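Peer 1: Quick one: the structure is below, questions incoming.
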Amino acid sequence: MACIAGFSISTGAASRLISGYDSYGNTCGQKNSKIEGVELSGRDQTDNKYVFFLDPCNIDILNRKIKSMALCVSRCPDIELKTYTDVKKFALQNGSELCSYDIPVSKYPSHGERSKKCPKLPVPPSNSLPVFHRCTPVDISCYAQFAEAFVTFVSDNSMLHRVIAGVMASKEIIMGLCVLALVLSIILMVVIRYISVVLVWILTALVVLGSIGGTGVLWWLYVDHKTNLTDQTATSPTPQQQVATDNVQALLVYAIFATVFTVILLLLLFFMRKRVALTITLFHVAGKVFTHLPLLALQPFWTFLSLMLFWVSWLGVLLFLGTAGSPVQSEEAGLVEYRISGPLQYMVWYHAVGLIWISQFILACQQMTVAGAVVTYYFTRNKSELPMTPIVSSMLCLTRYHLGTVAKGSFIITLVEIPRLILTYIHNQLKGKENACARCMLKSCICCLWCLKKCLMYLNQNAYTATAINSTSFCTSARDAFVILVENALRVATINTVGDFVLFLGKVLIVSCTAFVGVLSLNYQRDYTVWVLPLLIVCLFSWLVAHCFLSVFEIVVDVLFLCFAVDTKHNDGSPGREFYMDKALMEFVENSKNMAGRDRPEADGDGREMKPMTHGGGTLA
């Protein structure tokens, strides 16, 4: 990817992207060489540093084709020019010629080709962009026309203009609500340790009451409909009796299915009640982890910043590639465009693969960093002996020893994600053209690849935790983590279902609170009535923020569980083989022993004792 970036810069694509070029292949702000077959190419544009579009609102963004002629000018028009006489006066006063180079300034009002080679009237006032030297219209209505290319379902242009203007008018409120969502997410990560017990048991009670109540209602409806059907049959048979009979049979099937589901659910809750208690205990301990390692709350910031920097650089190189290559004159309008030909055109595809791989690599680095810090916290008996900054220590350990592990794990996800995206693209391209069988097969393959990706991501996360514990390679860590997960399958299922739902409720709580405050704030601003788009923006951002922060909390819970499983496997609490776990987890183990002796954690029998993680690559087991 570095070679691709170097190629695009060395071929002049970077200067063409930043400085811009006109429709004759001349790069603005510099001297140019002659292009064969293009008459007005090879001009000295040193004094003309800005790109001016004759029709700035006539750009086809979806097809990436510029329909408007572009010229290099020395100054963007800062006032509205209503006639060609005004265009002539502007050129004479400022030396900025807004018509094609082959039209003299004196002939602007009377030239026969002024409708094609001169700007469309009226010429809107424009300003140049800070970095990219393009004359951009000041009037927001032009941006609304750009938005219409993406928001095709909006048919009322005036409505779209009002919505965009409203977003600009309420930008302070939107920014304030986004900050509120950020604060609420951080508060919830600390407070959830105190409310996890209430949330879990309220959730369990609601599920049980809902299942029993729904089953009772179905049986009541079945008995009621059957009684009515018997009365109708005894009195006067009607043609609608067949429909009523079908309804009664359907209610019977639904009632039986609901009864079986409720019985199975109650049995699962009864046998997994202790595992639900483990989930609550892990949430409580995870809250303690955040109090001892407060920098964990900042981990989403560094991950988001890294992703943003990478995405911006990736997009910049992609734009460089879009302007790299040799000049080609289009047959339709005669405008010059730069295109890559031959094998080099496949660099874009390699660049796209790099987007997936490095994005997954950055997310894997976050998981590995969090896992290393939590593992250090868990396997340090005396918490006062923790490193001053376990997060920084974990990042240094990752950089020195485990970059290959996260690179291999993220590459495996990339190998699954690429065919899924290809199949999704094929499905979208063939929508409405393929037969039902092909559509079903494509959707099935996409769904299977998505499920495989989710399973591999979960296994990778636990493999990173095993690497942090034992400092082993990726494959060895993945095997060890898989064995532990299989041995604790019911616990894993409980933690993932109950824990994920509790975190989902937390996300809903943050979005609801932010939206409620947003409604009150927008209601206070009486001069703005279109609330839809600002509220959607706020809700979307608050959901993303809550997801980023609570995903770190979820990682901490998963890491604690794997540490707990390893701890109970290698230690039994006897002298010389004491547990490393927190007091809350210790109470859970003692309660399990008291309730049923057969639930006592099995010792490994090899006498090995866990040791705190060292930064020199030392093992924990």
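The count begins at 1 with the first shown residue.
Backbone N, Cα and C define each Cβ position, glycine as well.
Summarising the annotation, TrEMBL assigns compositional bias 'Basic and acidic residues' to 596-612. Among the features that TrEMBL reports, region 'Disordered' is placed at 595-621. The annotation transmembrane segment is assigned in TrEMBL to 173-192, 199-222, 251-272, 293-321, 348-379, 501-522, 528-550.
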Peer 1: Near the transmembrane segment (173-192), which same-chain residues lie under 8 Å Cβ to Cβ, leaving out any that are not at least 6 residues past its ends?
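Peer 2: Same-chain residues near the transmembrane segment (173-192) but 6 or more away: 167, 199, 283, 286-287, 290-291, 297, 502, 506, 509-511, 513-514, 517-518, 521-522, 525, 534, 537-538, 541-542, 545-546, 548-550, 552-553.
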Peer 1: Determine whether the transmembrane segment (501-522) and the transmembrane segment (199-222) share at least three Cβ pairs under 8 Å, counting only pairs 6 or more apart in sequence.
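Peer 2: Output yes: the transmembrane segment (501-522) sits against the transmembrane segment (199-222).
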Peer 1: Sort out the residues at least 6 away from either end of the transmembrane segment (251-272), same chain, that have Cβ-Cβ distances under 8 Å to it, and list them.
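Peer 2: For the transmembrane segment (251-272), the far contacts come to 204, 207-208, 211-212, 214-215, 218-219, 221-222, 225, 490, 494.
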Peer 1: What residues elsewhere in the chain lie close to the transmembrane segment (348-379), defined as a C-beta under 8 angstroms and at least 6 residues from its ends?
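Peer 2: Result: 1, 4, 289, 292-293, 296, 299-300, 302-303, 306-307, 310-311, 314, 317-318, 321, 340, 386-387, 390-391, 393-395, 397-398, 402, 405-407, 409-411, 413-414, 417-418, 421, 460-461, 464-465, 467-469, 552, 555-556, 559-560, 563, 567, 580-582, 610-613, 620.
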